[in-house]
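Trainee: One structure follows; several queries about it will come next.
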Amino acid sequence: MGTSSSSYAPKTVYLDVDGKMQKVSETSDLYIMTRCSCSKGGEAECIRVHCCLGSHRFLLNSRSYVFLHFCFRAFRINELKTEVTNRLAMLEKRVELEGLKMVEIEKCKNDLRKLRDEMTSKGGGRVTCGCKYSFTEDGKKLSPRRDVPNYPKYTLSQETIEALKKPTFDVWHWEHNEMLSCLEYMYHDLGLVKEFNMNPITLKRWLLGIQENYRNNPFHNFRHCFCVSQMMYGMIHLCNLQERLTMTDMCILMTAAVCHDLDHPGYNNTYQINAHTELAVRYNDISPLENHHCAVAFQIISMPECNIFANIETEAFKHLRQAIITLILATDMARHGEILDSFKQNVDNFDFTNHKHVTCLKLVLIKCCDISNEVRPTEVAEPWLDCLLEEYFMQSDREKSEGLPVAPFMDRDKVTKPTAQIGFIKFVLIPMFETVMKLFPQIEEIMVQPLRDSRDHYEELKQIDDAMTEVKPFSSHLR
C-alpha cells in the first residue's frame with residue numbers, strides 16, 4: 001500500500017494479491033484509511049482509490065483490509081497444515097513398509113537356518129565353515145565355503161575347567177559345539193590367543209574348519225581330535241610345561257594335536273600303499289596320511305578368515321608351520337621306534353635349553369597323546385577300542401574283497417579285544433610312558449599306573465577267553 005504527503009492528492013496504491021503486486025487505479029469516491037509510514041506524527045490519512053475487478057467495485061477501508069489480510073494468512077496456515085499432514089502420512093507409510101521388510105528379512109534368516117540345519121543333518125553331522133576345501137566321503141574336493149562361526153557357545157563350569165586339565169577327562173559326554181568351546185577355552189587359557197594376537201572370531205572359524213574336515217569314521221573323527229588335544233592340554237598342566245617350554249612350543253603342541261588326523265579316510269597307510277591310492281601316489285608311499293593331514297591343516301589356515309596366525313611375522317609363521325608339520329609326521333607309527341630311541345638317548349641328560357632335546361620331547365608328547373586312550377578310566381577307554389576295531393574290520397573286509405594283504409590284528413576272524421590290546425599296551429604304551437616318566441615322575445600315578453592296570457585287565461579277559469575256548473571242544477564231545 002502506498003503513502004502520501006498530501007491529504008487529498010490522488011495516490012497510486014499497490015496490493016499484494018496471491019503473492020503478486022497488483023496496481024489499483026485511483027478513484028474519487030472510494031476511500032481507505034492508511035497510516036503514512038513516513039509521517040512523523042503517524043496520523044491516519046484518507047486515500048481515494050477504486051479497484052477495477054471486472055465490473056465490480058470494492059470499497060476498501062481499514063477494517064476490510066485487515067480482514068482480507070488475515071484471511072490470506074488463514075488460508076496459508078491451512079495449506080501448511082495440509083502439507084505437514086501429507087508428509088507425516090507419507091513418513092508413516094514408509095515406516096510401515098520398512099517394518100514389513102524387516103519381517104521378511106527375519107523370515108528369510110529363519111528359512112536359511114532351517115536349510116542349513118537340514119544340510120547338516122544330511123551331511124552326517126557336519127557344519128559349514130570357512131575352510132578352503134572340504135571333502136566328500138570318496139575324497140573329492142568340494143567348492144570353497146565361507147560362513148561365519150555359528151556353533152552355540154557353551155559356558156564351561158569351574159568343575160569342567162578343572163576336569164579338562166586331567167587325563168581322566170571323560171570325552172564321551174560332550175556334543176560337538178561343547179568340544180569346540182572347550183578347545184577354544186584351551187587356547188585362551190594357555191595364553192596363545194594373546195601371545196599370537198589371534199582374532200577370537202578367526203579362532204572360532206578355524207575350529208569350525210577343523211571340525212568340518214574330520215570325517216565321520218568310527219575312530220578317526222573329530223571326537224578323537226578332541227581326545228588327543230585334551231590329553232595334550234592335560235599333560236601341559238600335569239608336567240608344568242608352561243614353566244619349562246616357550247609359548248611357541250605350547251602353540252606347536254596344541255595346534256599339531258588339533259590337526260594331526262585331518263580328513264583321515266578311515267584306511268591306514270598300509271592300505272593306501274598296497275592299493276596305490278591317490279594319496280600314496282602323491283606322497284610317494286612316504287607317510288601318505290600324515291602328509292595329507294598336514295596339507296589339509298595349512299589349506300584351512302591359508303584362508304584369511306581361518307588364519308589364526310595372520311598377525312605374526314613371516315619368519316615366525318615359517319617356524320611354526322615347519323614345527324607343526326614335524327610333529328604331525330611323527331604320528332606315523334612306522335616311525336615309533338626311531339623317535340622313541342632318540343628320546344631315550346637324551347632323557348637321562350635332558351636339557352630344556354637344548355633345541356634338539358626339546359624337539360625330541362615334543363615328538364614323543366604328541367605320540368603319547370595320540371595313542372593315550374588306555375590312560376583313561378576303563379569306562380572311557382574301552383568304547384574307543386570298539387571304535388578302533390570297527391574301523392580295522394572295515395579295512396580288512398575291503399582288503400579281502402580287493403585281494404590285498406590283511407594284517408592279523410585287523411582281521412575280524414582272528415582278533416579279539418584282549419589280543420588286540422595286550423601286546424600294544426605291553427610293548428608300545430608302557431615302555432614309551434615309562435620313558436617319559438623319567439623326565440616327569442609325576443605322571444606315574446595318573447598315567448602309567450592306569451596302563452599297567454589296563455594290561456592286567458585284558459590279560460584276565462584273555463585267560464577267561466582261553467578257558468572258554470578249551471571248554472567248547474569238551475562240551476561238544478559230551479554231546
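Glycine is no exception: its Cβ is also placed from the backbone N, Cα and C atoms.
Feature list, courtesy of TrEMBL:
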- H220: active site, proton donor (ACT_SITE)
- H220, N221, F222, R223, H224, D261, D370, Q421: AMP binding site (BINDING)
- H224, H260, D261, D370: Zn(2+) 1 binding site (BINDING)
- D261: Zn(2+) 2 binding site (BINDING)
- 144-465: domain 'PDEase' (DOMAIN)
Trainee: Using a 10 Å cut-off on Cβ-Cβ distances across all protein chains shown, tell me which of the recorded positions (H220, R223, H224) has the largest neighbour count.
Mentor: H220
Trainee: Given the binding-site residues D370, Q421, and counting only Cβ atoms in the protein chains shown, which has the most within 10 Å of its Cβ?
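Mentor: Neighbour-count leader: Q421.
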Trainee: Pop the Cα-Cα gap between H260 (Zn(2+) 1 binding site) and Q421 (AMP binding site) into the table, whole Å please.
Mentor: 23
Trainee: Between D261 (AMP binding site) and the residue listed as 'active site, proton donor', what is the CA-CA distance rounded to a whole number of Å?
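Mentor: Pair distance, Cα basis, whole Å: 7 Å.
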Trainee: Measuring Cα to Cα, how far is D370 (AMP binding site) from H260 (Zn(2+) 1 binding site) in Å?
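Mentor: D370 (AMP binding site) and H260 (Zn(2+) 1 binding site) have their Cα atoms 9 Å apart.
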Trainee: Determine, from DSSP, whether F222 (AMP binding site) sits in helix, strand or coil.
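Mentor: DSSP assigns F222 (AMP binding site) to helix.
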Trainee: Which one of these binding-site residues, N221, H260, D261, has the sparsest Cβ neighbourhood, judged by other Cβ atoms within 10 angstroms?
Mentor: N221
Trainee: Where does D370 (AMP binding site) sit in DSSP terms: helix, strand, or coil?
Mentor: helix
Trainee: Would you list, in sequence order, the residues of this chain other than H224, H260, D261, D370 that have their CB within 8 A of the centroid of the site's CB atoms, where the site is the one recorded for Zn(2+) 1?
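Mentor: These residues sit around the Zn(2+) 1 site: H220, C225, V228, A257, H264, T331.
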Trainee: Compile a sequence-ordered list of residues in the same chain as F222 (AMP binding site), six or more apart from it, whose Cβ lies below 8 A from its Cβ; state 'none' when nothing qualifies.
Mentor: H176, M179, I210, Q211, Y214
Trainee: C-alpha of H260 (Zn(2+) 1 binding site) to C-alpha of R223 (AMP binding site): distance in Å?
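Mentor: If we compare the Cα positions of H260 (Zn(2+) 1 binding site) and R223 (AMP binding site), the gap is 12 Å.
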